[in-house]
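Written below as structure tokens is the structure these notes are about.
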Amino acid sequence: MTQDELKKAVGWAALDYVRPDTIVGVGTGSTAAHFIDALGSIKHQIKGAVSSSDASTEKLKSLGIPVFDANEVDSLDVYVDGADEINGHMQMIKGGGAALTREKIISALSRQFICIVDASKQVDVLGKFPLPVEVIPMARSYVARELVKLGGQPVYRQGVVTDNGNVILDVHNLNIMDAIAVENHINGIPGVVTVGLFANRGADVALVGTSEGVKTVVK
């Protein structure tokens, strides 16, 4: 199977976790896009979705799925999204698509987080994929210097403005042994909106696309 076929397989497999008459949290990226396609096939069975990006909102609406603002819901039954990396503790790096802040808000609202990935995203130690940090523009240089102190090499993601109007620093060369501590430390730097480490709130279930089929990993 190609990588895209693996992504499609896990996107459709995630439908098993969607209950009727609920509002579904929906992520961003190529794997999440397959889940949105799958969601379109049961759109009359659900109330709608809360979306983590303008791109996902556009795709949901094009399929006729109602989109709710996060402020309109008290909680979500399930949130389905991909990841750039996931370790054995179900902690993730996310934010390659620059939607990390909204993704983190939706994950906090959700009772269950289903991570959908192909097997290439599974790692023993997080950090080979550059760690995205969303930053208020005026704090970019200050935050970059603070990230250097952590041993990372921050790179400004040129030409990218998040849906919230902020910028992204991608931190290279981090070997993240204690993901919760790193998440808390970076989130405490003034000017940081959020970091793309999902460690305090990791995934509850990972659906992993492999050549043998979809493998289910439970926290």
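For all residues, glycine too, the Cβ spot is worked out from N, Cα and C.
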* According to Swiss-Prot, Thr28, Gly29, Ser30, Thr31, Asp81, Gly82, Ala83, Asp84, Lys94, Gly95, Gly96, Gly97 bind substrate; which one of Lys47, Lys59, Lys61, Lys121 is listed for that same site? -> Lys121
* **Inter-residue C-alpha distance, Glu103 (active site, proton acceptor) and Gly96 (substrate binding site) (nearest angstrom)** => 12
* Asked: Taking the centroid of the Cβ atoms of Thr28, Gly29, Ser30, Thr31, Asp81, Gly82, Ala83, Asp84, Lys94, Gly95, Gly96, Gly97, Lys121 as the substrate site, which other residues of that chain lie with their Cβ within 8 Å of it, listed in sequence order?
  -> Gly27, Ala32
* **Residues satisfying Cβ distance under 8 Å from Asp81 (substrate binding site), sequence separation of at least 6** => Gly25, Val26, Gly27, Thr28, Gly29, Thr31, Ala32, Ser52, Lys94, Glu103, Ile106, Ser107, Phe113, Ile114, Cys115, Ile116
* Structure fact -> Of all C-alpha pairs drawn from the substrate-binding set Thr28, Gly29, Ser30, Thr31, Asp81, Gly82, Ala83, Asp84, Lys94, Gly95, Gly96, Gly97, Lys121, the farthest apart lie at a distance in Å of 16
* Using all protein chains in view, find how many other C-beta atoms are within 10 Å of the C-beta of Lys121 (substrate binding site). => 21
